[in-house]
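Annotation comment: TrEMBL describes Y194 as active site, proton donor. Residues annotated as active site, proton acceptor in TrEMBL: K265. Under the heading (S)-malate binding site, TrEMBL lists R247, N502, N546. TrEMBL lists E337, D338, D361 with the feature divalent metal cation binding site. The domain 'Malic enzyme N-terminal' annotation in TrEMBL covers 171-352. Look at TrEMBL and you will find 362-615 tagged as domain 'Malic enzyme NAD-binding'.
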Amino acid sequence: FGRCFLIQNKASIAGLSSPFSDRQRGIVPKAPCSLKIKAAAAAAASNRDRNGTVLAVETVTKEMAEAESLIDDSQPTVAGGIRDAYGEDAATEDQPVTPWSLSVACGYSLLRDPRHNKGLAFTDKERDAHYLLGLLPPSVPSQELQVKKLMNIIRQYQVPLQKYMYMMDLQERNERLFYKLLIDHVEEMLPIVYTPTVGEACQKYGSIFSRPQGLYISLKEKGRILEVLRNWPEKNIQVIVVTDGQRILGLGDLGCQGMGIPVGKLSLYTALGGVRPSACLPITIDVGTNNEKLLDDEFYIGLRQRRATGQEYDELLHEFMTAVKQNYGERVLVQFEDFANHNAFDLLAKYGTTHLVFNDDIQGTAAVVLSGLMAALKLLGGTLADHRFLFLGAGEAGTGIAELIALEISKQTQMPLDEARKNIWLVDSKGLIVESRKESLQHFKKPWAHDHEPVETLLEAVNDIKPTVLIGTSGVGRTFTQEVVEAMASFNEKPLILALSNPTSQSECTAEQAYTWTNGRAIYASGSPFPPVEYEGQTYVPGQSNNAYIFPGLGLGLIMSGTIRVHDDMLLAASEALAAQVTQENLDNGQIYPPFTNIRKISAHIAANVAAKAYELGLATRLPRPKDLVAYAESCMYSPSYRNYR
């Protein structure tokens with residue numbers, strides 16, 4: 001044991017071993033435990049031979065048991081009601097922590113523990129106290145210097161997927177350094193850890209897979225899902241991102257390899273929204289795949305069968321949702337990600353009244369687009385009710401955005417929702433959605449079937465409807481042709497064009513095309529990032545309508561208020577908070593979204609607005625309500641700075 005107890009020595013002497021860490025047994029030590037550990041350590045150190053073998057095992061075991069008996073996880077703290085045992089929140093940044101892993105992590109095991117590893121940044125005192133002498137070179141760089149070094153390495157890679165793989169490896173080696181780097185260089189690294197690079201990573205996930213980063217629940221585990229959830233080492237889960245991999249970005253059915261999406265989303269929950277890494281759980285539900293290429297791929301990591309549908313699928317999802325609530329409680333946020341259209345709408349409708357659920361493709365996309373429209377009104381003039389909207393794409397994203405726009409118009413004008421929908425038109429693969437097609441439409445498209453003659457092409461729809469705003473959610477690249485964009489420019493002084501499909505290859509048009517075909521008059525934003533465009537001596541900075549603006553702050557607001565259901569008014573509150581962060585300088589550059597460099601500040605304001613709405617609606621359970629919700633949100637945020645170890 002010495003100054004830290006080595007589980008390997010204990011096991012070798014007692015002839016016993018256990019694979020379970022304290023966290024796996026649901027044990028998270030409080031600060032007072034360190035006093036017991038020190039006492040046990042001193043007893044063990046006095047009875048240790050020159051090889052470091054612990055002789056006083058019984059004494060140490062007794063002291064460890066006494067230490068564990070002091071643990072009480074029921075006391076709420078500032079960060080969402082769960083004790084900050086690992087020292088993750090900004091509010092506890094100055095407090096020393098004990099690096100618990102397998103008992104107290106030390107020596108070589110400490111260097112292999114991503115939550116507590118600091119690399120070369122362990123101080124001389126920490127190296128001496130935790131058996132690291134000789135295991136590291138003598139240099140003790142700052143965390144900032146480590147970030148600088150890693151950025152130099154990452155920038156040498158020419159292939160984005162190589163950068164992605166390096167970042168995932170860093171996350172598995174040194175968690176705090178990963179988030180420090182991501183936060184400090186968010187605009188450069190966001191396209192690497194998320195869209196568009198994550199799309200390629202999912203396509204090749206079987207080939208690049210090295211370590212599991214979440215839970216895989218397949219049809220094989222049907223009837224045992226609660227048991228699977230309990231295998232995850234962390235017990236205090238606050239956010240789950242789950243996918244079945246059927247509709248990954250614009251890439252289609254990637255089956256089990258869709259795990260890259262929940263992993264990436266939760267990295268952003270932490271980096272951008274400040275949700276603790278230990279409170280995040282990525283899950284892939286594997287019901288098979290209809291992708292023949294994957295089924296024939298020898299490196300595919302999922303079930304080799306066609307997708308389960310109907311009752312078998314529904315039963316598995318219901319068991320999952322029931323087990324989540326049973327294991328993690330009423331206030332765990334479940335974010336549905338990249339489900340096929342029919343399943344996405346059905347799941348949201350079915351569990352929206354019984355669970356804290358959120359669909360980023362439907363609701364998150366809608367909130368971020370609505371925010372961009374609110375900001376763009378400062379350039380276009382008028383109100384939302386004064387504009388006409390035309391969508392290419394009538395799936396989850398398109399109908400979700402359209403509905404939230406209609407809700408905001410109804411809220412602003414007090415007009416009935418059906419009336420507010422009349423200025424919003426959608427085009428799907430069969431043409432303009434009109435009344436004569438209503439009987440054959442899917443249920444989520446029917447509210448958008450208006451009186452009009454059938455129209456087959458987007459260009460015809462643009463010329464007939466004469467929209468002021470053109471929004472692409474089709475998942476099909478280069479569908480905003482030159483003729484379509486020029487038509488928009490012919491009857492709009494400043495046509496607003498949002499090409500939202502991901503990844504970059506699926507964008508309906510590029511930023512350069514939008515500015516060139518409108519003679520620099522377009523207001524443009526896309527789903528994936530595009531570089532600034534030089535046109536006739538002027539630099540245009542395209543906006544990025546990225547869901548990452550919304551869901552991290554929304555999630556933080558739900559967590560810190562203890563909200564038990566997501567309400568549409570909370571999405572509107574998030575949109576309003578984001579739009580308020582767009583400055584006049586941003587608008588002068590043609591940007592309808594603020595820069596990502598301020599994303600943590602933005603997320604704090606979004607969280608505060610969402611929490612305020614939750615308290616107003618009576619859906620918040622953490623009482624009393626904090627006086628300053630923005631300051632409270634900032635205090636709840638995860639801090640990636642290294643902590644001092646006792």
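Here the Cβ of each residue, glycine as well, is placed from N, Cα and C on the backbone.
Caution: TrEMBL annotation is automatic and unverified by curators.
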Close recorded positions near E337 (divalent metal cation binding site), where close means Cα within 10 Å, chosen from Y194, R247, K265, N502, N546: R247, K265
Segment confidence, the domain 'Malic enzyme NAD-binding' (362-615), expressed as mean pLDDT: 95
The one of R247, K265 whose CB sees the fewest other CB atoms within 10 Å, among these recorded positions: R247
When distances run from the Cα of R247 ((S)-malate binding site) to each of the recorded positions Y194, K265, D338, D361, the nearest one: D338
Protein Cβ atoms within 10 Å of N546 ((S)-malate binding site), excluding its own: 26
Recorded (S)-malate binding residues, R247, N502, N546 - maximal Cα separation rounded to whole Å: 18
Cβ packing number for D361 (divalent metal cation binding site), 10 Å threshold: 23
Neighbours of E337, D338, D361 excl. site residues, C-beta within 8 Å of centre, divalent metal cation: T243, R247, I248, I261, F336, F339, A344, N359, D360, E396
Inter-residue Cα distance where the pair is D338 (divalent metal cation binding site) and N502 ((S)-malate binding site), in Å: 12
Neighbouring recorded positions, C-alpha within 10 angstroms of the residue listed as 'active site, proton acceptor' - of Y194, D338, D361, N546: Y194
Distance [Cα-Cα, Å, rounded] between D361 (divalent metal cation binding site) and N546 ((S)-malate binding site): 11
N546 ((S)-malate binding site) versus D338 (divalent metal cation binding site) - Cα distance in angstrom: 15
